[in-house]
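Listed in TrEMBL for this protein:
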COMPBIAS  9-21  compositional bias 'Basic and acidic residues'
REGION    1-22  region 'Disordered'
TRANSMEM  112-133  transmembrane segment
TRANSMEM  139-158  transmembrane segment
TRANSMEM  165-186  transmembrane segment
TRANSMEM  221-240  transmembrane segment
TRANSMEM  286-308  transmembrane segment
TRANSMEM  328-347  transmembrane segment
TRANSMEM  359-379  transmembrane segment
Amino acid sequence: MPGQVILTSREDGRDNGHAADGEAVPSKVWPPWLLAAVFAALYLTDSLNRHAKMRSTGYDLGIFEQAVRGYSQFHAPLVPLKGPGTNLLGDHFHPWLAALGPLYRLWPDARLLLITQALLIAVSVVPIGRLAIARLGTAGGLAVMTAYGLSWGFQGAVSFDFHEVALAVPLLAFALVALLEERWFAAVSWTLPLLLVKEDQGLTVAAVGGYLLLKRRWRTGSALVIGGLGAVALVTMVIIPSFSSSGYGYWDSLSGGTGEHASGGVLGTVEDFPGSFAEHPEKLKLLLLIGLTTAFAALRSPIFGIALPTIGYRLLSTSPLHWGVGRVHYNAVLMPILFVALVDAVCRLRESQHTPLRWYARAAVPLSLVIGLVSLPWLEFRELVNPHFYRTSPHIAAARKVIGIIPDDASVAASNFLVPQLTGRCDVVLFPNFRNVPVDWVVVDTRRPSTVPVPIGQIPQAIAALPQQGFHQVTDQDGVILWRRTSP
């Protein structure tokens, strides 16, 4: 009868979750949204509680808040934390950050960025969950969504302040699902905005183009390959240097040269690449975790190829942060690729003529979930089950009291862990203030020193010099010391 809901069956016995009239069965629609809400709550609990316990930092949360604050006032994204007059567009190319400006104008608080990041990552569960349920059935879809939401890449990103790559996660999720469903226009529409997330996303756009070429979408694929690579060249060699007198500084991590001339040394880095694994075995750990995330099944899908440019330039880098697998943001963009590739790989393996591969298809998703769950005690979210994670220590209470003395709109030099508690209402630079930016207040948490912006050993010397610079100590509460300028 017209409008009657009828469940159809796949050849393998799994329901496809669609009604006869093409409408999705309600019971197949709500699980992705429900799990997205659960993970949003989980991410928010982790990041907001870390911020409340002053475990967020000026590098990077304070930096991004200052940039968004500039956008909210219709100004350039100037970031005093990185130096007087520093335009963040001279560091990385991330125009999408400007979209947060109107929201920040309504609520000027660092927590806005943390909430935005949590929601962006959580919403990516929806397209991947729908795809997984449609192709693997409800149980398989729930397993994929759970493993995806708990993946180590997201735990590291959520636990490490805020970063613009969070904007790429939902875009990638929707784009990759559209690719797998051969909705080419939708795939391109979700892919192109990646160019405004960060300069390295041009490599991902080019990789999507490569996938389209494999699918014989010649014109569209070629356009994305050329456009993606061209965008990387344009942004790193023209746009970013126009905002920075030192050029694109991140060539350094590929060549060991300087920002202006380092691109010529990349070839040498490529030549030394094989030997770098012996020198830096941490790179092997990154590759192993990428494989283990989906029980190595994702490697059977052409979709996995979209991750290769990102993995490649990170392994070429000389910066240990780029190989990191802990509290770093770099791995977040890999997670949508890995799990969409997992779904595709399982479907491909089911059709294999080889019995062991068909067994592998049955085991891949459960194994991915088990690996994800078993790894939890070693990942960042392990703290969520620790009651101490939710308690405010006397030291943090003292720090809040000291910070509360500083008036709004004051100019402040603050230590790294205190910076994001102040950037929403004050003009803040890092302490030690080695660039000698004029400030009226200095606040330092001596019990929690940071290697940013200088080695820890230099901090006592900088503190000892404050009286000679015209500062008078106002209070010292549990090692959180506040000074105020009393003379020029």
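Using N, Cα and C of the backbone, Cβ positions are placed for all residues, glycine too.
Caution: TrEMBL annotation is automatic and unverified by curators.
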Query raised in the report: Are there at least 3 C-beta pairs under 8 angstroms linking the transmembrane segment (359-379) and the transmembrane segment (139-158), leaving out pairs fewer than 6 apart in sequence?
Result: yes
Requested in this report: Could you give the residue numbers and ranges of same-chain residues that sit at least 6 residues beyond the transmembrane segment (359-379) on either side and whose C-beta is under 8 angstroms from one of its C-beta atoms?
Outcome: 136, 140, 143-144, 146-147, 150-152, 155-156, 292-295, 297, 342, 345-347, 349-350, 352
**Report entry** Residues from the same chain, set at least six apart from the ends of the transmembrane segment (286-308), whose C-beta lies under 8 A from its own
**Finding:** 147, 151-153, 176, 179-180, 204, 207-208, 210-211, 214, 314-315, 323-325, 334-335, 337-342, 344-346, 348-349, 360-361, 363-364, 367-368, 371-372
Report summary line: Sequence-distant residues near the transmembrane segment (112-133) by C-beta distance (under 8 Å, 6 or more away from its ends) are 17, 28-29, 31-33, 35-37, 39-40, 43-44, 47-48, 51, 56, 61, 64-65, 68, 100, 103-104, 140-142, 144-145, 148-149, 154, 157-158, 161-163, 166-167, 169-170, 172-174, 177, 180-181, 332, 336, 339-340, 343
**Report entry** Close approaches to the transmembrane segment (221-240) from elsewhere in its chain (Cβ under 8 angstroms; 6 or more beyond its ends)
**Finding:** 89-93, 188, 191, 195, 199-200, 202-215, 247-248, 250-251, 263
